[in-house]
Ligand code: HEM
């Protein structure tokens with residue numbers, strides 16, 4: 001989740017200090033980790049606020065997680081699960097922000113914005129580092145909850161079971177989680193290399209890095225898909241789920257604009273030429289697909305058909321491992 005722009009462009013658009021680079025040198029991971037501290041602190045505050053919100057809703061017995069899994073009506077027992085959910089939401093929020101920044105930087109330009117290009121690029125880098133940390137914290141807290149939950153097993157066995165269910169693709173073998181968990185894992189495992197390759201682009205070549213980094217949008221799509229599939233707070237077809245869909249509209253529109261008006265001249269579509277007809281057709285197809293996504297999100301928003309499950313008259317009594325009922 002790093003910017004689609006090169007260090008040269010940062011040099012053109014702002015000072016070394018603004019871009020976060022070493023004086024006369026490259027942007028380093030260590031420097032960006034330091035620069036990400038205020039951002040990460042803000043993320044911790046937001047996560048704490050979401051946690052408290054979910055905690056008190058569960059305490060009052062009105063949270064949707066309890067509606068899906070009624071045995072979870074004790075936030076003092078299930079606090080790690082709630083913290084995992086809170087990290088999931090802050091992770092998704094930060095992913096949204098960093099993707100928006102990346103699309104602005106690689107798309108129509110930032111000329112009319114009150115913040116310099118170099119500053120936006122630095123924000124994009126720091127927010128993407130924070131996003132990765134939040135995603136990892138979300139998965140780790142889920143593992144911690146599973147380890148706590150399986151109290152009947154021995155320690156080695158419960159740690160292995162919690163780890164495998166959370167981090168080994170295909171291991172979690174219950175209900176919707178059989179798809180939703182690997183989708184989340186794919187997002188996490190793709191985010192890390194696609195984000196961190198930026199810091200070794202002098203070794204792999206700026207073009208290779210740029211080509212690979214483009215696929216970071218897949219990480220975002222997987223994250224949203226995972227949430228829509230598995231988030232118990234957006235389980236039912238009510239307004240929180242519709243809101244989640246609506247928040248994807250600016251991302252889809254900006255992606256479309258970025259494809260139609262890319263910052264880099266070489267990425268503009270141009271006229272079809274005989275030799276590159278296949279590539280040209282694929283690029284047109286990509287743009288049509290994103291347009292279809294924009295129309296799809298509008299359709300979901302106005303129709304209210306957001307894929308949410310109907311609220312059952314009698315709530316199910318699923319165990320932690322089985323939260324597929326709806
Ligand atoms: C190893 C990878 C992952 C695992 C094991 C995992 C696990 C889970 C689980 C078990 C849930 C259901 C919680 C509930 O009852 O609502 C969930 C929901 C969620 N996940 Fe993940 N996840 C992973 C990756 C991700 C990633 C990369 C994101 C993106 C930021 C993400 C964001 C969310 C969000 C926003 C929710 C909804 C929480 C709620 O409804 O309150 N997850 N995840």
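Here the Cβ of each residue, glycine as well, is placed from N, Cα and C on the backbone.
Keep in mind that what you see is a predicted model, and the values were worked out from it rather than measured.
Of the listed segments 285-305, 306-326, TrEMBL assigns region 'Disordered' to 306-326.
Annotated range for transmembrane segment in TrEMBL, selecting from 13-35, 36-58: 36-58. Counting Cβ pairs closer than 8 Å and at least 6 residues apart in sequence, the transmembrane segment (242-260) and the transmembrane segment (36-58) reach fewer than three and form no contact. Only residues 6 or more beyond the boundaries of the transmembrane segment (280-302), in the same chain, are considered here, and those with a CB under 8 A from a CB of the stretch are 242, 245-246, 248-249, 252-253, 255-256, 259-260, 269-270, 272-273. Averaged across the domain 'Ferric oxidoreductase' (96-223), the predicted model reaches a pLDDT of 95.
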